[in-house]
Amino acid sequence: MADEPLVLGIETSCDETGVGVVRGTTLLADAIASSVDEHARFGGVVPEVASRAHLEAMVPTIERALKEAGVSARDLDGIAVTAGPGLAGALLVGVSAAKAYAYALGKPLYGVNHLASHICVDQLEHGPLPEPTMALLVSGGHSSLLLAPDITSDVRPLGATIDDAAGEAFDKIARVLQLGFPGGPVIDRLAREGDPKAINFPRGLTGPRDAAYDFSFSGLKTAVARWIEAKRKAGEEVPVRDVAASFQEAVVDVLTRKAIRACKDEGVDHLMIGGGVAANSRLRSLAQERCDAAGIILRVPRPKLCTDNGAMVAALGAEMVKRNRPASDWDLSADSSLPVTDPHVPGTSHEHEHEHEHEGGDGHGGGHGHSHGHGHDHDHVHELSKDNLYS
């Protein structure tokens, strides 16, 4: 297979319909159709609304990506799709569409992991990932520290949130402050005009006996909400900018502190930060400051590549093709709880082969016993016209 495979990637794990096209580690197209405005009035993502939006946007977004890339679907070396984790219905739309296109075009299909894709996308910005890669992934659904000796087959979780994800906490506090949804961007903006030291909000799981790499934002979220409520009950004005800055500082302080510690403990001299919260300006600046002090190289993609997109899926798919990883079977299922230890879903006929790759290793990569053989009665390949696919 080509050293720089041409791959189309489809991302539908939440509310963005993302389609990207890459050639090796070069980004050719990144088309996105977001349904965030449809969810805003509900104060959060509504799964059924997201699924319907993906159905409506899928074909036009694929066509737009191919046109933007200036390539024909016939020239693709493979089609990659997020198989999980994420919203089950939303994932199903993407997986079904990817199956249909791959089957009609006669191209290999690669079901990939959403979280691993967030790591691999940095290759489009800064070139090939060092191995192993230390990654801090922070989003609305995930807050994880991961060590990836091989992004296509060996991703090891070091720590994760034990309750709320960082992005979820941003959204919650934004709601309490009546700032709308999503909360991350507006808190980031207001925090620039506030004092991060104005209020000493708690830092979860930072005691000497706490898990070194795990996160907890539930207590912080509750503390901030109660502080705001107390001000309002007392008839006092809530200093929104100071609250935003102090809350944000509490989050990014813990995230960066634990990420730096993980790098030092594992002997890794660089850190990659990804996920939607990685677009936060204070997280980026504090991470840079602490990495510089520790002699660690920081890699963070530009903000547009931090949020969910199809380019990151295409990037991981291209790496799968380049490294001759087995393609997924046609019985590939959407798996809403797909573990990050499965960066690639090769399908049932390849499971034995996949397990064999890890035999004789150090015991970290395989043996998690997660089966992909389960099916969904409603997981059908949409019947799309080949004439339309080739147009």
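Note that the numbers count up from 1, one per residue, in the order the chain is shown.
Glycine is treated like the rest: Cβ placed from N, Cα and C.
In TrEMBL, annotation is done automatically, which means it is predicted and not curated.
TrEMBL has this to say about the protein:
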type	residues	note
BINDING	HIS114, HIS118, ASP308	Fe cation binding site
BINDING	LEU137, VAL138, SER139, GLY140, GLY141, ASP171, GLY184, ASP188, ASN280	substrate binding site
COMPBIAS	329-338	compositional bias 'Low complexity'
REGION	329-391	region 'Disordered'
COMPBIAS	349-362	compositional bias 'Basic and acidic residues'
COMPBIAS	374-391	compositional bias 'Basic and acidic residues'
Could you tell me which of these binding-site residues, HIS114, HIS118, has the fewest other Cβ atoms within 10 Å of its Cβ? HIS114
Rounded distance in angstrom between the Cα atoms of ASN280 (substrate binding site) and ASP308 (Fe cation binding site): 14
Compare the C-alpha of LEU137 (substrate binding site) with the C-alpha of each of the binding-site residues HIS114, HIS118, ASP308, and give the closest one. HIS118
Tell me, by DSSP, whether ASN280 (substrate binding site) is helix, strand or coil? coil
Go ahead and report the DSSP secondary structure tallies for the compositional bias 'Low complexity' (329-338): helix first, then strand, then coil. 0 helix, 0 strand, 10 coil
Same-chain, non-site residues whose Cβ lies within 8 A of the HIS114, HIS118, ASP308 Cβ center for Fe cation are GLU11, SER13, THR82, LEU115, SER117, SER139, GLY274, GLY275, ASN309, MET312, VAL313
All-chain count of other Cβ atoms within 10 Å of GLY141 (substrate binding site): 21
At a 10 Å cut-off from the C-beta of ASN280 (substrate binding site), count the other C-beta atoms across all protein chains. 27
Nearest to GLY184 (substrate binding site) by C-alpha distance, among the binding-site residues HIS114, HIS118, ASP308, is ASP308
Write down the Cα-Cα distance for HIS118 (Fe cation binding site) and GLY141 (substrate binding site), rounded and given in Å. 13
Between any two of LEU137, VAL138, SER139, GLY140, GLY141, ASP171, GLY184, ASP188, ASN280, the residues recorded as binding substrate, what is the biggest Cα to Cα distance in Å? 18
